[in-house]
Amino acid sequence: FSFRKLWAFTGPGFLMSIAYLDPGNIESDLQSGAVAGFKLLWVLMLATTIGLLLQRLAARLGVVTGLHLAEVCNRQYQKVPRIILWLMVELAIIGSDMQEVIGSAIAINLLSVGKIPLWGGVLITIADTFMFLFLDKYGLRKLEAFFGFLITIMALTFGYEYITVKPNQEKLLKGLFIPYCQNCGTAQLEQAVGIVGAVIMPHNMYLHSALVKSRQVNRANKREVQEANKYFFIESCIALFVSFIINIFVVTVFAEAFFEKTNADVNDVCMNASSPHSSLFPNNNQTLEVDIYKGGVVLGCYFGPAALYIWAIGILAAGQSSTMTGTYSGQFVMEGFLNLRWSRFARVLLTRSIAITPTLFVAIFQDVEHLTGMNDFLNVLMSLQLPFALIPVLTFTSLPSVMNDFANGL
């Protein structure tokens, strides 16, 4: 083992792990905490573990074959299943992009104290997504360092909320290691399915299989291929462990502070704190429903304005980083399935347009205060799209004709 070699292979796994920290994930985390308390932490841990195993398979495919998953699908499948797979993956990318872009827009709205509307935040996010094109000119390592910086911001901001709220550690450990869901109903089940869809993203397997190609590996040398697989797996373990800790921060903050709270409870606290957002929570005994926007507001009411702004900065970092990796996913998928050979700018413009158009419509016609149901729907949509990425990954990595000596035994 060599730390120098691990450092050389570090980068693709952290870019991949950003999909585990996008605004859709954060919203799923806070909703599961508010709806089920600490009871669904074991689902989050299992989903992350399964995600790691699938990402390992995707990375192995890229390392061994020198092709990413979309390219292998293009070569191995007939026209009809290939087009169906492409459409399903594009649908997953569009759903993910909607969460990421709207998450960034909500963060911008919170930071501007409501002065920038949701559609304005979407337009800003669309424009600054192209920033990665300029970053890319300075080399991949600098781009990877920038993503590392954004992950650090998320760790610090959500870690601050965790330290401020001080969740019960005994309940946290019980929730992680004992699979239970006492007194759970439809709402908790929906959150459990949403966690799986938010954590294991179908297009992320296409992304990871492409990112590992950025490292030079002599595929004629079996030892070099084994070494690359080993270091990419170690890096993925570290990256997903970091993302898992950040997700735990969010779940436990909302589980501790807002589980079984009613609208009236929050309304009283917000009124006492002279919050301008008190009207968000009607004075009734219905259970509190939170999303990224309301989550920031209730944190501000309970723990001061600093908690709200720090929350918004974390969401903005999550949204900005994941929109860029989503752009990469769209690029690789379209390039692989359709065999497109366009300039990078033209490819980014097309893939962004496909994903951004429905997002802009939602932002124009939907109020920032009423987006809770949309994220639940999109997370369940992600769960339904999973087989369209799982079947190719599991199939190709078990075929000796594709993987040679590195085919899986199972």
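Just so it is clear, glycine is given a Cβ too, placed from its N, Cα and C backbone atoms.
Copied over from TrEMBL, here are the features:
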type     : residues : note
TRANSMEM : 31-54    : transmembrane segment
TRANSMEM : 116-134  : transmembrane segment
TRANSMEM : 146-163  : transmembrane segment
TRANSMEM : 232-255  : transmembrane segment
TRANSMEM : 297-318  : transmembrane segment
TRANSMEM : 345-365  : transmembrane segment
TRANSMEM : 377-396  : transmembrane segment
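Annotation: stretch 146-163 has the most Cβ pairs under 8 Å to the transmembrane segment (297-318), among 31-54, 146-163, 232-255, 377-396.
Using a Cβ-Cβ cut-off under 8 Å and counting only residues 6 or more beyond its ends in the same chain, the transmembrane segment (146-163) has close neighbours at 14-15, 17-18, 21, 135, 242-243, 245-246, 249-250, 252-253, 299, 303, 307, 310-311, 313-314, 317-318, 320-321, 324-325. Beyond the ends of the transmembrane segment (377-396), by six or more residues, the same chain brings 24, 28, 54, 57-58, 61, 69, 72-73, 76-77, 84-85, 88-89, 91-92, 95-96, 98-99, 190, 193-198, 200-203, 205-206, 402-403 to within a C-beta distance below 8 angstroms of the stretch.
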